[in-house]
């Protein structure tokens, strides 16, 4: 039933490659099937003004897409002179999610920038960004510990994310673009390693959805995210 | 337990005043307690470029706050030269929600702009905007029918929205600002008159939330939104 | 002769409502007939850079219009990414006028932001903004005295403003939109309580105007502004 | 009494040089003492969108200052990414004034851009711009007649402008920068060749001004502008 | 002598990988040592306004860097709201260079966008972009021929580019970042397959350079670019 | 052969007028035939952030064109809200060139802004700007010495610039606009008084150029720049 031939509860092949580029403190290429995102984590001393002197750190995120990551070319946001609403919405989601993984007090007065740049898009770029961005952030935290910038590991738990949706009346896991563009409902879920929910964002694209459908989608998300945690841990060598 | 003395499942006083200003096709003042939003619906002929010639209409939304709608003054977005991420995120949510209430084919090649401007904020501005914006949009659709711009009523159903959250470990309905700023979890729910869900956006501000908590919050939202539908219908004289 | 049936020297009904919203130090709804403007005065510690260390305060103003304050919708300035020339011109006028009412030395190193947001427009929005903004500013100054932010009242005098014009060859007072859009000449006058002039801005929209016409318009402005001072004082309970 | 040693009713030396640059249809260097402004008038076919198909033309103006036209360097507006409020206010004034000199119907569906660029500033840049811009516009209209772009001369009358003010209690004509920066009141007046007023903009910089003072300043403006008309006519060879 | 241990006339390892991403008509990863750039070529029907109706096509280029392509993080241009001078300068150079490789008449009224996005930077990003962008453009032209968008191959010749410089008094080929940041002179050369020069941009960073030094650098550039043409041809399977 | 009737190796008449305006520390009008550029040099205390505390000064440049400096009117960059790529490219070139003329250590923690504003354009605006800007900068340095802002003259050497090109197969010196718009190759060269090269930027507009052609153009540039140094020295009274 799915265009890709996958089972409803089957994720795409997911790959997490660390040290993908050489300059950043964390640099991950994450692939959810044909969706490919470079996630880098950069450590800088200092915090934004609203946090100065509060004895805590900050984690922020930025999201971008290469103009031809998609089937037709999208104008470059830098050339248009502003980031679009979709971009801002996604990078706010990534940053909130990543902050749920750490104890900001233990980050000290430092900021970690997680940049998620989509080099090829096939649906699920925000969930891939969160999943890969978390691994890049862990590498950056390790870097800070090794450099004695911080004393205690701020990591509380891994987080990961997947999309679920109602496609032709069936709940499906990890939508690719052909599904996403036709789905009745699209839901992005971010969870912690210990099963808690960090973000749930469900949108009825066409028809309103029912509580039972939401429950079925949440179950699928739970299954998929558990698989992602295993892949994150394997990539990290844990 | 709640700062306002309300019961956990008790909404604030909600008022919906139609014809609040004189120029717009729909003009509603919506009040959720101390949160006050002017929602106008403006009808214009024509559709955005991406819809030209497709024989359907469009509904879009813009959201703003007066600089001193809040406890401390916020710089005016027009003066800063751009709308912030929060603003863009909210107006995208409002527009998607309102589009779920109508059959865009029946709107013809016309556009309805729903402007939601917060003149006083005390939490829940986006849910008030959706709830009031829907009534303004209904008035605009009636205007279009009366002016013979369209032949059939595009309205499929009313939509309304409320926030729910976990506050000091208890699920509560319709958070005001003192609760919102302290809540562990904040969830905005948009539903249709017939019980379907249009948008669910839950965020763990501090601690991840559990499925049981999510279920309890969804139940509260369902209760609150039913009360809102009654108030919308009363305001509309149905 | 006037579309509204008013006498040439007759103002519209003017209402000044204090404490219209709950957060600002001064919060006034001012109505000149169908023109309705929310004027808030916000007190912040500190002054702009060019005044640092000069031992004086500052008063500034910002002006905006809700998109559907007018008969047809105007695009939101925040969405367009800049304030238009008309907006900047008006807010510069409001700010200069208000500064003429106070002794900035006595304001200390504090700034008062007066925000004038038009929620419904029917001509004369800038004169209503100045008249209502002055009352909001007085409330903010009282707040500063009560909070011991300042020791002596900086208020030198009230200021108020009205428009006058040549309409079908006759000098008229307080133009509404149907008059304003047809007037040969439009003049905005700001005066002090003691009869001094603060700003005079006259523009020939169609035909140049004569000195006698200017004199007749100035006489009308003088009459109208005296009425406004009475209303300001009544609103302030003086 | 005046820093320049001039009599209260004495203008600075004014020079109007036509054909100052070689490309524009009208190109004037106007000097009011040390204030020097290049005014070019450029003719383009077509009108702005809001005038399309109305069978009339348009005249618009833009104003700029070289960064070091003034005593201390001002940041370049192009580099800052926007024109300031002062600039927009001035160019709106110039354009309104120039439109009062012509019958736009006779301009056809053409637009004249009048660019006023201050290369050296010493007070009165806006009045010099209007006075010189009018001459540049006349040259552009002549060009249009010669090229058969239009059949009848659209010029209704010359316009010119001068500033007047209250300086140390005395009404003075044509303020230079040392006076302007100290004046109690500053008034810019635009008049037609036939004695009608087009714009009057008076501002009390420090103390409110009285009707008698305003009358005295208006008399001075009338005298100065008459001298400017003689200089415009001489420059034009009339 | 060189930090990398290379001979003065030795290029870094250069790799050109076609079909690196799946959506674009041409998609090349080009590597000059540690410098890695994704070059995509996108074909769109139509031409910019200034070329409409002239019966020719257009080739344009955009250049960007991921924020952490470099040793320290650079703010994202989309977030800052504008492209910097360096970016604009580079993308103008890439586009001019690529246009020298084709007969624009034969491109028809189509536009090819060449996007060069640096994912890892180690000096020479503009020369790598031109060299890789040319291969992506060739693939896009082949796509147009295969799709019958055009009848005749517009390609006149391959172009390629390399940097040369004076480093510690010695002319060197293909500077990496450690050399580039210390070089006395840096010169970027773009040449055609047949030995003609398309662009020569030499800059004395510290000391002015002599004609003999320029000649020596030009000889090195000639050698390096010949090697690049061999690699381009091999990658294209010619 | 040349449209102007000049010999291939003949420059236009060049004039350098110092003290052209009255406020700037250096103020030069430079004319290369009909190309006229006002170059001012402004001295400000302090340096950009990236140089703070490094004990050296900075020289920067900005370039602009009056809208009607050219044959058809160009939209004002301040009105469009950004400087174009050509502007940024030119001002970066001017600034780099001027910095090659001075020892920045001797400038102290001061910044010199060189503003080059084209009031009339006929080709070669960037080379005129560099040549005139250098003289303005020398005047600013003399001002600093006279005011005891610095102790030792930072000037290392004069720099000057000229364009050369291939026009109808012949190398020509100092292209005017009719030549520039038709030239096969256009090259801008910046040299020092002692014969060193600071910048060489050659572009094949139509056909690639050969080494022999480049050599011939460089010889012409050398001749022209020597003439410019004589004119700079004469203007400076050396």
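Cβ coordinates are placed from backbone N, Cα and C, and glycine is handled just like the others.
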Pick from D:86, D:99, D:157: which one does TrEMBL list with D:124, D:125, D:126 for the same phosphate site?
-> D:86
Set of same-chain residues at least 6 away whose C-beta sits under 8 angstroms from residue D:124 (phosphate binding site) = D:32, D:35, D:162, D:163, D:174, D:175, D:176, D:180
Fewest neighbouring Cβ atoms within 10 Å: which of the binding-site residues D:86, D:126?
-> D:86
Among the binding-site residues D:124, D:125, D:126, say which ones reach under 8 Å of chain C by Cβ distance, listed as they appear in sequence.
-> none
Arithmetic mean of per-residue pLDDT over the domain 'Exoribonuclease phosphorolytic' (D:10-140) | 97
Which residues, in sequence order, are found in the same chain with Cβ within 8 Å of the centroid defined by the Cβ atoms of D:86, D:124, D:125, D:126 at the phosphate site, excluding those residues themselves?
-> D:63, D:90, D:118, D:121, D:123, D:127, D:128, D:129
Look up residue D:124 (phosphate binding site) in the DSSP assignment and report helix, strand or coil.
-> coil
Residues D:86, D:124, D:125, D:126 [recorded phosphate binders]: greatest CA to CA distance in Å | 13
Long-range same-chain neighbours of residue D:125 (phosphate binding site), Cβ under 8 Å, sequence gap at least 6?
-> D:35, D:37, D:65, D:90, D:116, D:118
Could you give me the DSSP helix, strand and coil counts for the domain 'Exoribonuclease phosphorolytic' (D:158-223)?
-> 17 helix, 30 strand, 19 coil
